[in-house]
Amino acid sequence: MTIYIGREASKLWKRISAEITTEINLLAENWRYILAGLIFQYIHGLAARGVHYLHRPGPTLQDVGFLLLPELGQDKAYISETVFTFVFISFVLWTFHPFILKTKKIYTVLVWCRVLAFLVACQILRIITFYSTQLPGPNYHCREGSKLARLPRPHSVAEVLLINFPRGVIYGCGDLIFSSHMIFTLVFVLTYQKYGTKRFIKQFAWLIAAVQSFLIVASRKHYTVDVVVAWYTVNLVVFFIDKTFPELPDRTGGSSLFLPVSTKDKDARSKEENHKLLNGHGGDPADWRPRTQVNGKIMEDGNAVLADNAMNGA
């Protein structure tokens, strides 16, 4: 038993080491995009902090969602936050699964380049909307009589730049017409919809996104229009931006050698393949096998088996 555990631990460490080497090479080429996306997360928080100074509490606007959904109350506001935390942590863990699991379908760095690009585009639109029109916040701490509804004028620039994280983010007011929680949730769900492999997890993720939408309105954190705008805007943004990206390299072969780590390696590989074709060699017969990735979208496990059977029959 001890020998078996030691052997498996050695295999796991080799797998993690190989994956770290591959991801470091990718990070060396794409670190600017990752860094820019992370910096913009701070800019987004800073913008939300800034609009809080402009917020003026007033009567809650008439909202169909408030009429149809029962109010959870201030003591149950943690429910929607708990659901969002579950979605956030689950997605982050999934993006790092290639470091441990044998089934490697994605590259962590490349996936996060896409995710951050989606988030930045949506957040830019969100900043434009809530600075264009300030609405009285429906949240409990944003209503008339609350000490947090209005922020006093800052005494220094540093007071604004520090944004009082995380309290300043949790108890913000005025950043409406677009739900930030729904931006993250939908971007994560859409990303797994394309690059994930488990159909039941995809269906469960969409169910969680719908539940999260109702919980946000029931918790009076946003108006219904904020959630509705997020649903169609995020889908449109992801659709059009994703078309500008090249498709992720196919990892169904189980080897990181399918990914050239530099342009020089890529050119060398292309010359080698052309040389084989000119000499009458068709390359490795394993390359003739049908892939489980279709049009850049990784198919579910069940569909991959059906696709293989259909190709063999043909």
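Every residue, even glycine, has its Cβ placed from backbone N, Cα and C.
Note that the structure is a prediction, hence the values are computed from the model and not measured.
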Which range is it, out of 77-97, 203-223, that shows up in TrEMBL as transmembrane segment?
77-97
State the residue range annotated as transmembrane segment by TrEMBL; the candidates are 25-48, 169-192.
169-192
For the domain 'Sphingomyelin synthase-like' (172-240), what does DSSP give as the number of helix, strand and coil residues?
53 helix, 0 strand, 16 coil
